[in-house]
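Okay, structure first, notes after.
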Amino acid sequence: MLEKTYEPETVEDRIFADWIAANAFAAGAGAKPGAETFTIVIPPPNVTGSLHIGHALNNTIQDILIRYNRMLKKDVLWQPGMDHAGIATQMIVERQLAERQQPGRREMGREKFVERVWEWKDESGGAIINQLKRLGASADFSRERFTMGSRSEPDDQMVRAVTKVFVELKKRGLIYRAKRLVNWHPGLETAISDLEVENIEVKGHMWHLRYPLADGVTYEFPVAFDEDGKPTGYETRDYIVVATTRPETMLGDTGVAVHPDDERYKGLIGKFVTLPLVGRRIPIIADTYADPALGSGAVKITPAHDFNDFEVGVRNDLSQINIFTTTAAINDNAPEAYRGLDRFEARKKILADLEAGGILDHVEDKKIMVPHDEKSKLVVIEPFLADQWFADAETLAQPAIKAVREGRTRFVPQQYENLFFAWMENIKPWCVSRQLWWGHRIPAWYGPDGEAFVEESEAAALAAAEKHYGRTVELKRDEDVLDTWFSSALWPFSTLGWPEETPELKRYYQTDVLVTGFDIIFFWVARMMMMGLEFMGEEPFHTVYMHALVRDEKGQKMSKTKGNVIDPLKLIEEYGADATRFTLAAMAAQGRDIRLSINRVEGYRNFVTKLWNAARFLEMNECRRVAGYDPKANKLPLNRWIVGATARAVAAVTRGIEEYKFNEAANAAYDFVWGTFCDWYVEFSKPVLMGADEASKAETQATAAYVLDQILKILHPFMPFVTEELWGETGKAGPARESQLILAEWPELSGLEDPQADAELNWLMELISSVRSVKTELNVPGGAKLPLVVVGASEETTRRLVESAALITRLARLEAISPAASVPQGSAQFVVGEATWALPLEGVIDIGAEKARLTREMDKLDGEVAGIDRKLANEQFVAKAPEEVIEEQRTRREAAVERRAKIAEAIARLS
RNA sequence: GGGUGCGUAGCUCAGCGGGAGAGCACUGCCUUCACACGGCAGGGGUCACAGGUUCAAUCCCUGUCGCACCCA
């Protein structure tokens, strides 16, 4: 006997263990022989991460797809794993060392430190994998991969894949080493990706500085203007005003730019200024980068410390002077007075000195965008000139762009293709080197003169060097590691065994769908596509499903600092994994963010309980599965109707999942289970189950059990735990289950539609609802049982009444039903079908209230008829609207008119 | 500044050319033999605003206002 309420916490762990024991998540589990494959690679979560609500949504959707396809009996692989999160992991371990007052990274040395990171990984990394399990994720955990391979196997295939790709790309000219401006993290002393930079608006200042002209040059600067803005007065200046938000970078200025068409400064182009505090003579150049409308119209150029200035410098052949150390302190390229100062200290001192020297013209407040590292949002990122390895992203992007243009990879929803194109078509060289220790060390060895030998092993590099130099030389390996995303980009094929030609690689690549949030389109999608196309010659997936961002109920992005984070693990604890999953699925409408509210989760928890109790009812009434039950052979309209409705529900859920409309699928299941099966079918079944007609009873018991089975199947991808539990419980009676629900076959029901049974049951539901409604509106006490009188019933109605009398009297709480030639005095009346129905309430009924009620209904019908008449009277409508629309309007009108006539009669009878 | 998306019931959201929907919340009744995490019945919306296209517009187009996100 099932408990009264379902308690997820006591069931979920056990069910999960059962699945694992049955090997149900293994690639190909339950597949039909020769079945096609269905593969998803998890977008690898970060080894330092823990499950947040975005992961919960992401993995719920993947699991729905996986479980659904597994039930279609395909050869399913859900490939799980994690990435090694170079920066984040190194930071955590360094912080840990500091907290424990142990020797730091540099004191400990590289080898020991990396060893230490592995220890951390083994002890506390990867919590998220267990959290995914709590969510019910049915990934093949036996195949779990890690982008760094494994600690015990330095030559792990995951590592070899990365090395091989790097070496190959170098040989193909798609990776090169160059001195370029990169985004530099002065705290970690490493380059980071431009995607790891977040521009944050802060209150800043615009400092206007007077740079003195060199060589005694002066010019006339307009200071007075007429109505048309034409200058009318000038002053003689021996300086040019430049505006900057970062005055400390002036130490690295190597030019001043003005717009070539800017009349104010035309005469100065080609002249020089003397850089204050430094004394360097730098040219005034013409470049359209200078915006005459912005600031003073003249702009200082610091090629080594600003991305735009870098470009200007290249165009105008300006030198690049780096003034910062790797920790963003002033270096020896600056005047002695500033050396060693931190960038913010330097700013203060420089401003003070400029002011003292009369250089500072004026200051204005300005909101400025400042690059921060997007993790902590605390460290200001510096554009920094450094030797780095770059991938030629532009070249690599072309086939990926083409793949999407030509539809070989499709985005759902499609609008995200625009975002993809926008980024891919303006893609910058990808800096792939990081000055970290935790990561894939770059397979480059340098000779004595700095020549780089990029090979898969040190031996190969030595051989190449010997060939190059004509003698054996000592080589020094590159200190840097690769961007974590470099290895993540290989995920769709490296996890399948590449560079080995494994059977898995052959079988499961190309994978099917990548499921991800749009905020990460550039990280996963773009890079996986580039590498997949380059090394496998085929797109890594044919479909990219972009799901929404989960926000709080007010639409705010969840963040720890805001304190509005909803922890999915808490939801799972409180409401169960099934309710959590179902909520996310039901709210996952395409192209729209999810505003998650606890109320919804609670509502769906109630749904889980409802399902549980329906099963409990069936159990109590001995609704057991019957071997050889044929839903087409049902005799009772009730059972013929419900199997047809089940078929419609199955079709709706199937369509929803197939079209990635998870909310539609979830809602279709919800509506059917609660609104149709529980609210009507179960109620209808009661008189039969408690009646004396053994044949009907048996048929209903078998049908109920059959329908519940279908319900468990279609709900399983959304609510795997409770459905599996019920599958097990209901499997205890009747024929033995062939498998767990997870490996059961998805229903494909056809030929179960029965319009006649539908019509009959619809009529029944309308009749019962009408009685209830009238009783409520006339304030008849709920418990009171009234007789129901029918007038003008057709033969068909009479037959239905005879067959279903017990059922109607029960559900509508009636005393009896009887035909009559006319409506009894003082009755409440209503119309269903062709007949008029009456509830005799002589003496009880408030004639005025009843009249008012009927009049309201008549008015409504009048309104409807009038509306339709307006349309039908419109010649244009009749001429231009499609025939079926016109026909539909006529039918509706006819029905309304008929009904109105009966209501009118009913009113007349009251008077 | 450029781009994208969104403004539908108190809240969270579906629907997106021909009869305004769901969940939660709300009101009333019901301790009816699965379920009060329940049942039954209800109330509640000029579908942001203004134009336009159309026989017909919540739905398509244009503009305005408001909000969100992305990029500069």
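Residue positions begin at 1 at the first shown residue.
The backbone N, Cα and C atoms fix where each Cβ goes, and this holds for glycine too.
The motif ''HIGH' region' annotation in TrEMBL falls on one of the ranges A:45-55, A:254-264, A:408-418, A:881-891, namely A:45-55. It is A:557-561, from the ranges A:557-561, A:852-856, A:862-866, that TrEMBL records as motif ''KMSKS' region'. Confidence for the domain 'Aminoacyl-tRNA synthetase class Ia' (A:15-597), expressed as mean pLDDT, is 88.
Shown for the motif ''HIGH' region' (A:45-55): DSSP residue counts in helix, strand and coil, namely 3 helix, 1 strand, 7 coil.
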